[in-house]
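Colleague: Can you keep this structure in mind? I'll have questions shortly.
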Amino acid sequence: MFTDACASLDVQSLFQRIFEHKLVPSSGGHVSIAGGHLPFVGGGKPVLGKPGDGAKYFGADDRENSNCQADFSCIIPDILSSPAIPGNIADIVELLKKISQLLSENVNRGKMQSYSRIANHILNSSIVSNWAFVRDRNAGSILLDSVNAFAGKLLLRNGSESIQEHFISTKGYSIHKNTSGKSFDFSMEFNSTANITGHLVIPEEELLKLPKTSKAISIAFPTLGAIIETSQLDPGLVNGMVLSVSLPEELRHILLTFEKVNKLENVEAQCVGWHSTKRRWDTRACTMKLDNTSTVVCVCKHHHRTYKSFSILMSPTVLRNAVLDYITRIGLGLSILSLALCLTIEAVVWQHVTKTEITYMRHFCLVNIATSLLIADVLFILAAIVHNTALNYPLCVAATFFLHFFYLALFFWMFTLGLLILYGLLLVFFKITRPVFIATAFSIGYGCPLVISILTVAITEPKNGYLRSGACWLNWYETKALLAFIVPALSIIVVNVVVVGVVVAKTGRSSVGEGCKSQDLSNMIRISKNVALLTPLLGLTWGFGLATVVDSHSLPFHITFALLNAFQGFFILLFGTLLDRKTREALRGNCLSSKRKCSLAKCNNEQYSM
């Protein structure tokens, strides 16, 4: 868990060692810090705070120790051995900020390599989701500014320099007015399975503005866009690497080519620059020159104080359409009210509609379906509140766990209802008692989801792979934790499709041999009624989610999926309760009984008053 104090870093101790080359351990064998300890690498014995002892402990000789300020090598082992948890990410960002402010003189290759290795540790694609829980929401922006400031001081050997890590790359060239268009090419790891590219060109007409030989530095970040995205209240969907430049003031325009991460057709891209003061993406910094399925070409204006970093955003017109937001909000509100009303009606009519074994079992399943979906809908709202305001990691984990559990419970209770329908249709002569049914139903409805939910969090959370980036929900890109929801849900949908098929076949068999058109029409109406009743109750509408995966840029599919799922609670109320004949009769009987009681009470009051 992220609160493990023994895994915490101490910026002050690390920074002190750069200057003083020593460790000052506490009695417990850790460097004391506020709120945590830094363990000695390898679990060795603590050493006293003599100059040079810290570097010797890590196997460095006196010469390497005396050069710690030249390349920060004495702190690299501690940082690379520390887990990239939110607390450590914040400390490393603060450390890089201090180094860029106080140790940016004579930035040679060794210094830049060490600086890049430190930054690379917290830019890894596998820990992007952890950034969402860093207290300072501007941490990503601070890191970007710090790296830009430090790399901008890089000294060039023989007119060029190139320093490459997996998730940060720095290149520099000497430039002058007679240089033909100078270019920077980057091909970098985006995740464990794919690379993305970026290309930056300084136009020749810009180079002609240079009064003397100067240097141009460019830094590429394949994952920083997603990191910044996790900390924004209304983030843009960054769809390429972030490219930063450090150029002479005379150069104002550059040409950038970005490879898209998500190569979706009919989805427009936006060229943007990072506004250093306002700390947000600004479309005014760039203009679009070319946009096709795989790449985007942007012309951007460089300003050494305002615009130094650039990227592309995925247009929000499809997946973040306002129509979907309104449908989801209105649908969830209606769903919660409908489910509350459904449970109230079931409580009122329970004694009247559960007189037989089969009706008892049906309404028992219906009540648990409504309860699971009601709790899941409420948790969905709470999870959004936790993420958007508190950004509290333990609360987000808890919300995701229970959200996962109750959505699975919804499906498994639908599965139980499907089995009950098969039992009523096929096993006519086999009788099951209520205690056996209740035990079996609870084992399937709540037992299976509990086991799956516990296994998911137990397997993925130790690797910090339980939550997805930017939301309190299951991770997909790094650990595929979302499969623990998708596989059971889709399997139950398939089973329930078979159940609907059995119901249709069983219902249609009665019309075999009948030639009357009116009978055919009556039979079709009866079959349609069965399908219409079963579809929302058994969760078949969730199958439209597959369409959004197959054709992710189709707005009609997204709207249909959002409608059917957001209004699921209303469907359960309508088809499971209000359209049930026995339920309506019981409600009508209760209303008549209440009217008689009111009439008798009124008559008694009148007689008493006389």
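Any Cβ shown, glycine's included, is placed from N, Cα and C.
Annotation source TrEMBL lists domain 'GAIN-B' at 176-320. Taken from TrEMBL, the feature domain 'G-protein coupled receptors family 2 profile 2' covers 324-580. TrEMBL lists 330-353, 365-385, 405-429, 436-459, 482-505, 531-550, 556-579 with the feature transmembrane segment.
I'd like these features described in context: how deep, what's nearby, how far apart.
Modeller: Across the domain 'GAIN-B' (176-320), the DSSP tally of helix, strand and coil residues reads 14 helix, 72 strand, 59 coil.
Through the fold, the transmembrane segment (330-353) approaches residues 359, 363, 366-367, 370-371, 373-374, 377-378, 380-381, 562-563, 565-570, 572-574, 576-577, 580, 582-583, 585-587, 589-590 of its own chain, all at least 6 residues removed from its boundaries and within a Cβ separation under 8 Å.
Within the same chain, residues 361, 364-365, 368, 372, 397, 401, 404-406, 408-409, 411-413, 415-416, 419, 466, 474, 481, 484, 488 sit at least 6 positions outside the transmembrane segment (436-459) and bring their C-beta atoms closer than 8 Å to a C-beta of that stretch.
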Colleague: Across the domain 'GAIN-B' (176-320), what is the average pLDDT of the model, as a whole number?
Modeller: 83
